[in-house]
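So the structure is just underneath, and the comments pick up after that.
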Amino acid sequence: MQVRAFDMDGTPANNIVSFRLADNEEYFSIDYNTGNITALVTFDREATDTYHLKIIAEDNSPSALYNNGKPNSISQTFIIKISDKNDHPPKFTKDYYIAEKIPEDANTNTVVIQVLALDIDTASQITYSIVSGNIGNAFKIDETTGAISVNNELDYENITEYTLQVRAFDGTYDDNATVSIKVENVNDNLPKFAQNEYSLEIDEEKIMDGCIVTIEAWDPDIRDRSDPQHIKFAIVKVEQRPLLEIDDEGCLRQKAPLDRDPPNGHKSWQVIISATDEDGSGRQSTTTVNIILNDTNDNPPFLTNKMPVVWYENQDPGRIVTLTADDYDEPQNGSPFQYEISDSASDDIKQKFRIDTDVLYAQVRFDREQQKEYFIPVLITDSGKPQPLSKVSILHLVIGDVNDNEMQDGESKIFVYNYKGESPNADIGRVYVDDLDDWDLPDKTFNWRDGYSADHFALNTDTGMITMLQGTRGGDYELHSVSAKVLVTVKEIPEEAVDKSGSIRFYGITAEEFVSRSPSLSLTPKDRLQNSIAELFNISRENVDVFTVLQRDNNASLLDVRFSAHGSPYYEPERLNGIIGYNQRSLEDEFGLKMMMVSIDECIEEKVRCELSCKNVLHKSNVPIAVYTNTSSFVGVNAFVQAECVCDAPPVVTECLNGGTPFNDKCECMEGYEGPHCEIISIGFYGHGYAMYPPVSPCNMTRISMELTPQREDGLVMYIGPLSYNPLLPVQDFLALELVKGLPVLLLDYGTGTIRIEHKHRFPQGRPFTVEIVLQPQTVEMIVDNCKLSTCMSLDAPKGPNESLNVNAPLQLGGAAVNLESLGSMFNWTYVPQGKGFSGCLRNLTINDRTYNLGAPSLAKITIRDVTVRWPLRPVVLIPVVFKT
C-alpha cells in the first residue's frame with residue numbers, strides 16, 4: 001500500500017514531503033520518501049482482522065505558521081483489513097446428535113433434527129452430507145442448512161434406530177459427527193391372521209361342544225409375537241351374533257344350532273371375523289370362516305302344486321290333480337313321498353275328497369255358489385333316514401264358476417286423484433252388478449241406461465270398464481249403466497303435494513286389501529291411515545291425501561303408499577316421515593299392519609341397488625294407476641322412487657330463496673340471508689330442542705362441514721340415524737356429532753359396528769370453530785378449524801365390511817326427537833349418543849357442497865332461527881308436534 005501527500009509551497013526547499021508511522025511499528029514499516037507501506041509479520045485474520053494505521057506526513061523546513069522550529073505536518077488514519085484464507089477446518093457443535101421418538105408414519109420431508117458446523121474462516125462455504133448409516137436412503141440432509149428430514153417410508157418393525165455419519169466440508173477441510181435417529185412405533189399395521197380363510201364341517205341343527213375353530217392373529221406392531229397382542233375378536237354380521245360367539249383367545253363357539261336348509265339356512269355359512277388391536281380401539285382387519293353344514297333329515301316335506309287348484313262346479317266326481325312335494329333336505333332325505341288326507345281334516349273334507357297314491361279325487365259334485373273354495377290338509381311323509389318326517393300341507397282348491405245364476409242390481413264407488421288435472425284418458429274401474437256367478441264377465445254386455453249421457457266418461461260394452469276422458473275436472477259424477485249405479489269422485493292434486501309427499505312401505509297387504517272394507521270394519525285401511533295422519537297433525541281430514549297405492553316391483557307382500565298433508569303450505573316430507581316414523585309402533589297396532597319402511601328409500605340396503613353412491617329420485621306421471629275391487633276402485637297418482645347410482649349433488653339451476661333474485665347464475669339476497677341461494681345459514685339452540693332437515697344420501701365420499709359456537713361443554717350437535725327400531729328392516733347405521741367436556745366427538749356406524757373419534761383440543765366456551773367430517777369407504781376423518789396436523793385432525797377406519805352410511809330418516813340438529821338410549825340398546829350400538837341437546841350457535845352447514853337452509857327446518861322445537869347477533873336470544877321458532885305414546 002502507498003500513501004501520498006502534497007505541499008502547496010512553491011520551492012523544493014519547502015515542499016518535499018516525508019512519511020513516518022505513529023503506531024503499529026511492530027507490524028508495518030513505511031518508506032520515508034515514497035510512502036510505501038510494508039508488512040513486517042505474517043498476519044492471522046482469526047486473531048485480528050483489522051488494523052488502524054496512523055501515518056504522519058511533514059515537509060522539509062521549519063513552519064512559518066507556528067514559529068516553533070518544527071516543519072509543518074499532518075496525520076491521517078488508514079484502515080487495513082486482513083483478507084480471509086481457508087486455513088481452518090469446520091467443526092460440528094456436537095460430536096453426537098440424538099433425534100428421539102420419530103414416528104414411523106412421519107410424512108416425507110418431515111425434519112427430524114438439524115446439525116450445525118462452525119468455521120471461523122468466514123469465506124468458507126460449508127456443505128453437509130450423509131456419509132454412512134442411511135439404510136434404504138431413509139433420510140436426506142439439506143446440504144446448506146444441515147436439516148435432516150425423512151426421505152423414504154420408515155418402518156419400526158424393520159429398523160428401530162438409524163446411526164448416521166454426517167460430514168461438514170468447506171472445500172478443503174472437513175469434520176464428522178454421529179446422528180442417532182430413534183424410530184417410534186405407531187399403530188400403522190393391521191392385525192394379521194394366521195390363515196387368510198378358515199374352513200370346517202359340522203352337523204346342522206346341533207351345538208358342538210367347545211371351540212369349532214380357533215382363530216389366531218397378531219399385531220405386527222408388536223415385535224415379539226410371544227408378548228400379549230392385545231387383540232379383540234368380533235363377529236361382524238349382526239344377524240350371526242345370536243348364533244355364534246368368539247372370545248379374546250379367538251375361540252369361535254356356537255350359541256345356537258345352524259340351519260343348512262332353505263328358506264333361512266345355508267349349506268355354507270360365511271362368518272366374517274374382525275380382529276382389532278390395542279384392545280379393540282385400534283386398527284382392524286377381517287378374515288372369513290366358512291362353516292360347511294352336513295345335512296340331516298330335519299325338514300318335513302311340503303306341497304309344491306301351483307295354488308290354487310281349480311275344479312269346476314257341476315262336474316262329475318273324478319281325478320282333480322296329481323300331488324307334488326319337496327323338502328329342503330338333500331335328495332337322500334326327500335322323495336319318494338307318501339300322501340294322505342290328514343286325520344285333522346273335517347268330516348266334510350273326508351266325505352268330498354280322497355287321495356289314492358299321489359292323486360287327489362273328488363267324490364261329489366260341487367256348487368260354487370254354495371262354497372267357493374276348500375282348504376284340504378294333506379299329510380306328506382318323506383323317505384329320510386334314520387327316521388322319515390311328516391307334515392301337513394294345505395292344498396287350496398277353488399271351485400270354478402259356471403254361469404248358472406241370474407244377476408241383480410249393483411252399486412259401486414270410484415275415487416280418482418287427477419295429478420295436476422292433466423290425466424289422459426284412463427280406465428278407472430268396472431261396473432259392478434250383484435251376480436253370484438263371478439266368472440261370467442265374457443257372458444255380459446254393458447250399456448248406459450236409456451237416455452243417459454256421460455260427457456266425461458266412456459263405457460266398454462264388453463268388459464264394463466269405465467274410462468275417464470281427458471279434461472275431466474274435479475267433482476262427483478253419478479253414472480248409470482244396466483241396473484248398476486257408479487259414483488265417481490274426481491279430485492285434482494297439485495304437483496307440490498306429490499313433491500312434498502311422505503311415504504310408507506307396508507308389509508303383508510295387497511293394494512286391493514288396502515282400499516277395500518273388511519266385513520268387520522267400516523273404513524278401509526287407506527281411510528284409517530288418512531284419519532290417523534289428520535289426527536297426528538291436528539288438521540282436517542280433507543287436508544290429507546293418500547294418493548298413491550302401488551305394489552312394489554310386483555311383490556304382492558310389499559305395498560308402497562304416498563301421502564301429503566297441508567295447512568298452508570304443504571308440509572315437508574321430513575316432517576311427515578319424522579312424525580309417522582316416531583309413532584310407527586302405535587300406528588301399526590292401530591291398523592293391524594306392519595310397516596317395513598317409513599320414508600321409502602331404495603338406497604337403504606347397502607350394495608343392493610348401487611355399489612356406493614346412491615340417491616333416490618321421485619318419478620311422477622300424469623298417467624294414473626288403478627286398483628280395482630268389486631264395489632270400489634281407487635285411481636291414484638303414479639309416483640315412485642328409483643335409485644340412481646350417483647352422488648346427490650346441488651342443483652345446477654340457480655334457485656333463489658327468501659326473496660332473492662337470480663343474477664348471472666348467482667343470487668342477489670336481501671340483508672340477513674347469507675347463503676349462496678339466500679339461505680338462512682345460522683340457527684341456535686338452548687339445549688333441549690332439535691330441528692329436522694332433509695336426509696343425507698350415501699356417497700363414495702361424503703363431506704360435512706359446519707361452524708359451532710358452543711355455550712355449554714356437553715351436547716348433541718347432529719344426529720343422522722333411525723327414529724325407531726324396525727325388526728323388518730333392522731338397519732342400524734347412524735352418525736352423531738357431540739360435545740363431551742368441550743371436546744368434539746364423532747360416533748359412526750356403517751351398520752357393522754360403531755367407532756368413536758375424539759378430538760383432543762378443547763375450545764373455550766363462546767369461541768367459534770369449524771368441524772369437517774369426511775366419510776369414505778375405508779376411512780373416516782374429523783378435522784377441526786381446517787387444521788391438517790395430527791393435533792387437530794382425527795382419523796379412523798369404519799368397523800366391519802360395510803362401506804357407507806345408509807339412513808332414510810331426517811338429519812337432526814341440536815338434539816334428537818327420540819330416545820337414543822332406548823334405540824341404542826335395541827340396535828346394540830357400542831357407543832350411544834348422549835341425550836342432552838346442544839346449547840349454542842350452529843352456522844354454515846354444508847353437505848357435499850349443498851348449503852342447508854337452517855332457517856327453514858321441516859320440523860323444529862325450541863330453536864333460534866337467526867343467531868347473527870349477540871347470544872342469548874329469545875326463541876322465535878317453536879313448532880308443536882303430536883307424538884303418540
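Every residue, even glycine, has its Cβ placed from backbone N, Cα and C.
Residues or ranges marked as domain 'Cadherin' in TrEMBL: 1-92 (among others).
Sorting the domain 'Cadherin' (102-193) by DSSP state (H, G, I as helix; E, B as strand; all else coil) yields 3 helix, 43 strand, 46 coil. What TrEMBL records for 102-193 (among others) is domain 'Cadherin'.
What TrEMBL records for 194-303 (among others) is domain 'Cadherin'.
Annotation source TrEMBL lists domain 'Cadherin' at 313-415 (among others). In the predicted structure, the domain 'Cadherin' (313-415) carries a mean pLDDT of 89.
Residues annotated as domain 'Laminin G' in TrEMBL: 680-868.
For the domain 'Cadherin' (194-303), the DSSP-based tally of helix, strand and coil residues reads 7 helix, 44 strand, 59 coil. Sorting each residue of the domain 'Cadherin' (1-92) by its DSSP state yields 4 helix, 38 strand, 50 coil. Counted with DSSP, the domain 'Cadherin' (313-415) comes out as 9 helix, 47 strand, 47 coil.
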